[in-house]
């Protein structure tokens, strides 16, 4: 009889341990003192659970967030990330919070709160949209249009008709000018995001490269207004400055684009950008081969009586 009672007691405690372990892996088995929730979800990445009730009439959400094996000095953050599973590139929502309280019992943290929805549809915070616009503008300006403008300048070596001989110069100037003004707009958005973000120190390299890009591009624009004539003795030094500043801006722009891709973790757009650079590089190599061929066979890469430098001076 005593053996039977001991066996029954052992089975009873074993059942409690099993149920406790089962409850840790099934959110519907959690129970709160004086509160009940209709819905729940297991957050596998955080090894935690979230329970909630949604009242459509008052547009409020009551939640309880629970996490076991919690330690002092640790923190958690929730965010929306439609393109990835990490915090990098995530977005957040803003709403009013009431009745915030917390419990810490035997290594388990439980946070209670009520969210008040201002409208039926919760919209993403505007800062996330600004970040997307900032990335798109700068990728198009510094990462695409600036390199494209340099490749367009290689058209001056092709044997074009005199009517089209100034086309390369106009395309080069227009493309670089549009890229510059777009870059100013994108850079302004970047500095605004930096002032609004508490994690600006984490992206200081991206920020410094962006500031250097704006300065180099501005110096390039100002130097164009001070360009000496072809016969001037300082023209060769101006050409060296123009070449170094231009290619330096392009290299830094491409580097900063990849820094931005690394911050946002958008692999598909990074691959598309690499494909664009590869295609543009192929076109540049073809134009360079054409220039070498025309120079070797005709001694000049432009039509008779038309000089690339003279076109540049007239344009």
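A Cβ is built for glycine as well, from the same backbone N, Cα and C atoms used for every other residue.
Whatever TrEMBL says is automated annotation, not expert-curated.
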Original post:
Pick from 116-135, 136-155: which stretch is listed in TrEMBL under transmembrane segment?
Top reply: 136-155
Original post:
In TrEMBL, which of the ranges 89-109, 236-256 has the transmembrane segment annotation?
Top reply: 236-256
Original post:
TrEMBL tags one of 268-287, 288-307 as transmembrane segment - which one?
Top reply: 268-287
Subject >> Stated TrEMBL location of transmembrane segment, expressed as one of 59-85, 167-193 >> reply: 167-193
Original post:
Out of 172, 242, which of the binding-site residues is least crowded by other Cβ atoms within 10 Å?
Top reply: 242
Subject >> Averaged pLDDT score, the domain 'Cytochrome b561' (97-296) >> reply: 83
Original post:
Per DSSP, to which secondary structure element type does residue 242 (heme b binding site) belong, with helix, strand and coil as the options?
Top reply: helix
